[in-house]
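Participant: Supplied in structure tokens, the structure appears directly below.
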Amino acid sequence: MSRLAPFANVSSAREEFHRTLNFLQKEKQVCQCCGPSAARYDVETLDDWDALTILKASLCARPAHPPLPFEIQTAIDATLARDLATRAQVSAMDIVPILPRVMGADEASDEMIQKRPAISVWRGDITTLRDCTAIVNAANSKLLGCFVPGHQCIDNAIHAAAGPRLREACHALMQAQGHDEAEGLAKVTPGFNLNADFVIHTVGPQVKRNEAPSTKDILLLARCYESCLQAAEDLPVRTGERKVLAFCGISTGVFGFPTEEACAIAVRTVLNWFAGRRTSTITDIVFNVFSKDDEYLYRRRLVEILAREKHDGDVLGLHEKGMAPSLHLSKNIQTARSFLRGADYLVLSAGAGLSAATGLDYTSNELFTRHLPGFVKYGFSCLYDVFGFNSWSSDQARWSYLINHLILIWDWPQQELYSDLRDFVERRFASHNDADTRYFVRTSNADGLFIRHEFPGERVSTPQGHYAQVQCVRKCRRGAVFDSAPFVEAAEPRLDAKSQHLPEDFEVPKCPFCKSDLVLCVRGGSYFNDGPFLENERAYREFVGNALVSSESKVVILELGVGMNTPSVLRWHNENLVRKSKGQVRLIRIGYGAAGFAPLDLVEQGLSVGIHGDIRGCLKVVMDD
């Protein structure tokens, strides 16, 4: 979690950050609710991303009282504002509605009034949705947010993004009320550091797992939506602007309400509420969802309504399409564009997050169970679980997994994301004369996707290894490295289609020199044979050196999906290049979490920018030249 030494250049933002963390750490030492085992850390040696993670965890666990000192609260607000600025954001106005806004003549006055707002579905982080009057928070009965750091509930996400003033505001409401919040009601607070002006908190019914909701549960969930709509109706709207209300999935998730039934109740209740009113100031409703399955449910239900209204069954196909709204052109995105436009040379630096963006996600349970069901019995739930595993039932079982893993990687379909990257670098940085080509790829991924998408092999360095080779586990000699393909070709016909295992009589290949086991030639321990990858590493370092010969040259590192798993390989190396280059090298980071977070000192110097979001969507706007 920590770096080896304190940062040499301390930015004002980082100083502010560290003062806040030091205050919270001292407070925690005397706070009875945290107990004597509260974690200690050396603030000065923390990576900025780790510091932000600790800050959010500390604020999540911290009670609303005592209130934070003004200067600490101000520093937290500044930190959260910077964090929000890194996040890929979408305007509610750019989401194409499924049910359009309906205007009509008032029967009493003949004036044009709204009969129904525009209704849309959007899958994404509700805390990043712009141009919302209010977002809905599925709260618990204490109304103080979630106190479990890292918990993946909407309550936690909203409080983390809004900051501790939201908890203080909720605490004041509950103190005045004097009792827990009942199900089906709504309370309103400011949005504080959120994009939304307001947050509407509602407590939905809880349903036991594997049980059907009762009639009371159904009525209470409908009442949640009605209460939120009424609360939004009473909110002010800025002159000339639309009033937008974004609903999360109330009572789904940890509260256990079946998603399909909750979707039906949500849509029905919202439509009935507007149908029962002469008019409303709410002009737009957004149903915000988390998963693709939930998006499908909501889109399907709304499109069915549209089809009935238009008497046109052909519109039913719309539920599968769903046009993704364009990203807001934030300052960070514009800065990244500016970096690329001014670049003379490009280093494309890619980590596991880039593979994950194509669906090849090593943390995905779904991917593992779909492609490698025969190996779930070993206790694996994702590809990462297999790394370092040595308790195979037999040598045939070990080799069976290796062969199946390689088949999965090599059969992975061509990806538009990689093709777009290749087209971009070829258009901007390539030359018919290879010596004049001004880009290089350096990746920790061993999957070979760059090569498969026609990036020249001599311009791709893979210091962590490559699945194209297997090696002697004893590293008995430098040359004990062999092409993987012949081993796959020999073993694949012998794999059982159901179990995905080789027969017991299959002769597992061994190192021809010393008869030791063969393993994938990727860095996983001291056994790794880096011999095959040294030449391209030298070529990469030579490329960077040549790019910096002229003090006028500008080099941009486009870092994609590089997190904190092995930060010394790419992440810290890239940061050091920027710091040592006297302004010649700039760093763009894109990805989720740490992969989209840039060091504060480099950001303040105008040498780096981070964009937290989906690599596919972010790259489309960043590479738009």
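From the backbone N, Cα and C atoms, a Cβ is placed for every residue, glycine too.
Keep in mind that TrEMBL annotations are predicted by a computer and have not been checked by a curator.
Summarising the annotation, TrEMBL assigns Zn(2+) binding site to C472, C476, C511, C521. Sequence annotations record features per position, and here TrEMBL assigns domain 'Macro' to 106-306. What TrEMBL records for 326-625 is domain 'Deacetylase sirtuin-type'.
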Participant: Cβ within 8 Å of the Zn(2+) site centroid (C472, C476, C511, C521 excluded): which residues?
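Facilitator: In sequence order, the nearby non-listed residues are V470, Q471, V473, R474, K475, R477, A480, V481, F482, F513, C514, S516, L518, V519, N529.
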Participant: For a quick check of packing: other C-beta atoms within 10 Å of the C-beta of C472 (Zn(2+) binding site), how many?
Facilitator: 24
Participant: Among the binding-site residues C476, C521, which residue has its Cβ surrounded by the fewest other Cβ atoms within 10 Å?
Facilitator: C476
Participant: Excluding near sequence neighbours, so keeping only residues 6 or more apart in the same chain, what lies with its CB under 8 A of C511 (Zn(2+) binding site)?
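Facilitator: Listed in sequence order: C472, V473, R474, C476, A480, D517, L518.
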Participant: Taking all residues of the domain 'Deacetylase sirtuin-type' (326-625) together, what is their mean pLDDT?
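Facilitator: Across the residues of the domain 'Deacetylase sirtuin-type' (326-625) the model's pLDDT averages 96 on the 0 to 100 scale.
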Participant: Translate the DSSP assignment of C511 (Zn(2+) binding site) into the three-state scheme.
Facilitator: coil
